[in-house]
Amino acid sequence: MALRFPRFSQGLAQDPTTRRIWFGIATAHDFESHDDITEERLYQNIFASHFGQLAIIFLWTSGNLFHVAWQGNFEAWVQDPLHVRPIAHAIWDPHFGQPAVEAFTRGGALGPVNIAYSGVYQWWYTIGLRTNEDLYTGALFLLFLSAISLIAGWLHLQPKWKPSVSWFKNAESRLNHHLSGLFGVSSLAWTGHLVHVAIPASRGEYVRWNNFLDVLPHPRGLGPLFTGQWNLYAQNPDSNSHFFGTSQGSGTAILTLLGGFHPQTQSLWLTDIAHHHLAIAFLFLVAGHMYRTNFGIGHSIKDLLEAHIPPGGRLGRGHKGLYDTINNSIHFQLGLALASLGVITSLVAQHMYSLPAYAFIAQDFTTQAALYTHHQYIAGFIMTGAFAHGAIFFIRDYNPEQNEDNVLARMLDHKEAIISHLSWVSLFLGFHTLGLYVHNDVMLAFGTPEKQILIEPIFAQWIQSAHGKTSYGFDVLLSSTNSPAFIAGRSIWLPGWLNAINENSNSLFLKIGPGDFLVHHAIALGLHTTTLILVKGALDARGSKLMPDKKDFGYSFPCDGPGRGGTCDISAWDAFYLAVFWMLNTIGWVTFYWHWKHITLWQGNVSQFNESSTYLMGWLRDYLWLNSSQLINGYNPFGMNSLSVWAWMFLFGHLVWATGFMFLISWRGYWQELIETLAWAHERTPLANLIRWRDKPVALSIVQARLVGLAHFSVGYIFTYAAFLIASTSGKFG
C-alpha cells in the first residue's frame, strides 16, 4: 500500500477514487507541492531535469540525422537540390496495399517514403555536410552528447555532486557564464565552423578532420588579424555568378558585408552570416564580463536596481526590492525566460522566410510554409506559458512588504487602468475591423464591389520605402538616392540590400495593400485580446474586488462553492485556458495570411490575394475552400495519391478537434451519472465483471475536464491546419 502512486503525495496516494491517478499526473511536475520538498531539493530536481531534457533533444536530433543517412537521399539531393525531393525516412508498412506503395514511392526511392519538409537537408548542406558518412558521424556524436547529458543529470542527483541553494541563487555568475559561455563562446565556435568548414564547402573544398590543419580558410591566414588589416578578410568575395558548392565564380573573402542574397541559392551570403556570428560573439563575450562576481570587477545587479531612481518620482520606489523578488522566485524567472523565448521564436518564424539563411530553402515552398507555421504556433504556446507562470508568481511568491511602492506593486495598484485600456483597444479593433470586412462582404454579395471601403496602408508603405522599397514612389531615406543614409551605405551593403528588397521573387518586404491593412488589424485584435486575457489573469491572480481572497485558493480552482455567487471561471488558470483559444485563433489568422499571400506570390497571381482578401467570403472561398479541395479529394474511386495521408490527417484532425467540445461543453455531473451507469452495467455483465478496480471511478474535476478539452481542441486544430498547409502547398509546387 505504501508504494501506491503518487509517492510524492501521501494524501493523494490514499484517495480511494480514480482522482488519485489524474491528480497524481497533474501534480507530478509541480515539485513545490510535493510532500517532503525543501527549497534545496526543488532547485536540484529542476537542475537535474534540465540534463534529461538535453538528453532527449540530442537523441531526437541524432535520430533525424541517422534516419536521413540510412533511409534518405541526401547525396542525390546534394547533386541537384532544386529538383530532387528530400526524403525524411521510409514508411515501413503503407496501408491500403499496392496503390499506397506506388503513391508514396518518390524522390528516387526504392520503396514508400516520407518527404522532408523540415529544411534539415538545406541546413546540413549549407553548413558543409555532403555525404551520408557525415550524417552518421553527426548522429553518433549527438548520441554521445545525449549519453553524457544523462550521466550528468544522474551525477548531479548524487549527494557529493548536488549544488547548493546559494550556487543556484548566484545570479551574477550565472548571467556571466550564460552570456559569455553559452552565447559568446558558442557563437565564436559557430563562426569558426562557418569559416573553416561551411564556406570552403560552398566553394567546392571538402574540409574534414584529416585535412583540417592543412587547409587555410583564407590565403593570408591569421596575418591580417594580428596586423589590424581586418578589411583584407572582406576582399574578393564570391561573385554574383558563383555556383554554390563549386569553385566556379567563388572568391576568398571570409567575413563580408555584401547585403542581399546569393543569386543562385536565394539565401544570405555565407560570408555575411559568418561576420554576423563573429560580431554576436564579440558582443556577448564582452557582456559576459559585465556583472560582479568574486573577481570584484563589473556591476552588482542589486546595486544597479536599487540605484535607479525614476525621474520625478513618478514610479515610486522604482526597482527597489526587485532583485530578491526575482532571484527567489523560480516562477518569475521562468516567466521572463518564456517571454523572451516566445518573442525570439516568433522572430525566427518571420526571419526564416524573409531573410533565408540556408541555401535553396527559399525555393522549397512547402518547407518555407511549414517552418513559418511551426515556429508561430510554438511561439504562441511559449508566450501563454510566460503569463501563466507570471500569475503563479503572484500567487505563490509575491511578497507585498518586500515590494512596497516599487514598479511591481504599482502595476498591481493601477491594474484597472491597464486592463480597461487593453479592453477598449480590443473592442475598437474588433468592431472596426469586423465592420469593414462585413461591409465589404455585403457589397460583393450585392454585386457592387466598387462600394467596398478599401484603405491603403500608407504608414506601413512609408516604412517599407524608408527601408529602400521603391515601388510606392515615396522617395524617402533609403529609397531616395539623395539621402545621407543612402550615400553612406552605397559602398558596402546597400546595393545588395536594395537589389533584394526590390526583387519580386523573394519574400523581403512584400508589396501591401487594403487586404493586408484589414488582416493586419484582425491580427492586432487577436494579439490584444489574448494579451488582455493573460494580463488580467495575472494581475487579478492575488485578488479582485469580487474575490479579494483569491490567492488563498491557489492557481486553479473551479469556484468557491454556491455560497459566494460568481466565483466560477475567475482563477488565474481559467484566464490561461481562455487565452489559449484566442492565441490559437490569432495564429490561425497569421498563418492564413502568410500562406495565402505566399501561394499567390509563388504562383505569380498576386492579384487573387489583393482582390479576394478584402471581404470574408474571399477568405472562405478563395483561400480555405479552394486550397482544401485536394484534401477533400484524397480518396476517390480512382484510388490513392501521394496526398491521401494528408487527406486522412485532415479528417482525423477535425475529429480530434470536435472531440474537444465534448469535454468543454458538458460538465462534471453528466460524466458522473454516465460513469455510474457504466460501472453498474460492468458489474452485472458476465466475464466483464471478473475485472474489478481498486479505485472507485469518478468523473474528472471541472478544471481537468477543461484541460482535456483544451488539449483536444489545440491538437486537432493544429493537426488539421498542418495537413491543409502541407497538402495544399506540396500539391501545387511539389
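Cβ atoms here come from the backbone N, Cα and C positions, even for glycine.
Per Swiss-Prot, the range carrying the annotation transmembrane segment out of 100-124, 175-199 is 175-199. Away from its own ends, the transmembrane segment (575-596) comes close to residues 353, 369, 372-373, 376-377, 380-381, 383-384, 387-388, 391, 516, 519, 522-523, 526-527, 529-530, 533-534, 536-538, 540, 609, 613, 619, 623-624, 706-707, 710, 713-714, 717-718, 721, 725, 728-729 of its chain (Cβ-Cβ under 8 Å, at least six residues beyond either end). In sequence order, PRO558, CYS559 constitute the residues six or more apart from CYS568 ([4Fe-4S] cluster binding site) in its chain with CB-CB distances below 8 Å.
Sequence-distant contacts of the transmembrane segment (330-353), counting only residues of its own chain at least 6 positions beyond either end whose CB sits under 8 Å from a CB of the stretch, comprise 42-43, 46, 361-362, 368, 371-376, 378-380, 382-383, 385-387, 389-390, 392-393, 396-397, 507, 594, 598. Of the candidate ranges 175-199, 273-291, 369-395, 707-727, 369-395 contributes the most Cβ pairs within a distance under 8 Å of the transmembrane segment (517-535).
DSSP assigns CYS568 ([4Fe-4S] cluster binding site) to coil in the three-state reduction, placing it in neither a helix nor a strand.
According to DSSP, CYS559 ([4Fe-4S] cluster binding site) sits in a coil region rather than a helix or strand.
Contacts between the transmembrane segment (707-727) and the transmembrane segment (273-291): absent, as fewer than 3 C-beta pairs lie under 8 angstroms at sequence separation of six or more. MET662 (chlorophyll a B3 binding site) sits 13 Å from HIS654 (chlorophyll a B1 binding site), counting Cα to Cα.
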